[in-house]
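What TrEMBL annotates here:
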type     : residues : note
TRANSMEM : 16-38    : transmembrane segment
DOMAIN   : 31-279   : domain 'G-protein coupled receptors family 1 profile'
TRANSMEM : 50-68    : transmembrane segment
TRANSMEM : 88-109   : transmembrane segment
TRANSMEM : 129-153  : transmembrane segment
TRANSMEM : 188-215  : transmembrane segment
TRANSMEM : 227-250  : transmembrane segment
TRANSMEM : 262-281  : transmembrane segment
Amino acid sequence: EFVLSGLSNHPELQHLLFFTFCLIYTFTVIGNLLIFMATLHPTLCTPMYFFLRVLSFLDISTASIVVPKMLVNFLSEDRSISYMGCATQLYCVIFFAATECYLLAAMAYDRYMAICNLLRYAIIMNSRVCLSLVLLSCCSGNVVSVVQTAWVFTLPFRGPKKINYFFCDIPPLVMLSCTDTSLYEKQIITATVLVIFTPFCLILVSYACIVSSILKISSAEGRHKTFSTCSSHLTVVTLYYASGTLIYLRPKSSNSQYTKKVLALIYTTIIPTLNPLIYSLRNKDVKGVLIKII
């Protein structure tokens, strides 16, 4: 088995951290569940809301893989996790995170089609295409997760197997290895480029085209509204991709473990809480449906 050190070794902070992250997790689950339920409403049947529904599911899943175990460890002296439990947690975290990376690129493409090809939007972004994009994102995330998890757990680990982290992740597990990991580090760089840089470049290209179309809008109010939506989306996307890049591009970098823990908290805990606010709760249509549901 492995032992997770958690976020902090100070006993006086454990209860405060427990209540803080319990509250964050509660908001994450409730916020994303509300969005999931709202986007099932017949009036919100466009591709944008379909992708939002999938995103809400991924955010709940990512947080649920990491936070409950972290909460238990705040109040327990036994912070052990079994070998298979650690492998399962690593697989799930990578799967949901990689799938979300690809899904965010699909969402940017959807926004590009909606703004730049409005007349053909309904024909191009039909239900079959939307479902195919989601399935492609899931399949790609699964391939990445299987390869990374299998590779990490073929490494020999030295004892004591104490993971200086709050969940099983690639960098702290690589640090426990007692063999040369240079080949693995090259492989993780390749995976990072495929999972993070490639979708991010596609998002930037999509938004460059979107901005070009927005500048042609004659109404100042219309330009401001569209720019506001784009800036919010890009802010979350940048935070998500940047935190992942800094963690996985150099798994044995000189960055402190504290810094890596903070970056990991951003994409596993903070962003799933912010996504409902940024993507949906500012939307009048979603607000109207939520009021009816409540």
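Here the Cβ of each residue, glycine as well, is placed from N, Cα and C on the backbone.
Beyond the transmembrane segment (16-38), the same-chain residues lying 6 or more positions past its ends with a Cβ under 8 Å from any Cβ of the stretch are 7-8, 44, 52-53, 56-57, 59-60, 63-64, 67-68, 70-71, 74-75, 269-270, 272-273, 275-277, 279-281, 286, 289-290, 293. Mean pLDDT for the domain 'G-protein coupled receptors family 1 profile' (31-279) in this predicted model: 85.
The transmembrane segment (227-250) shares the most Cβ pairs under 8 Å with 262-281, out of the stretches 50-68, 88-109, 262-281.
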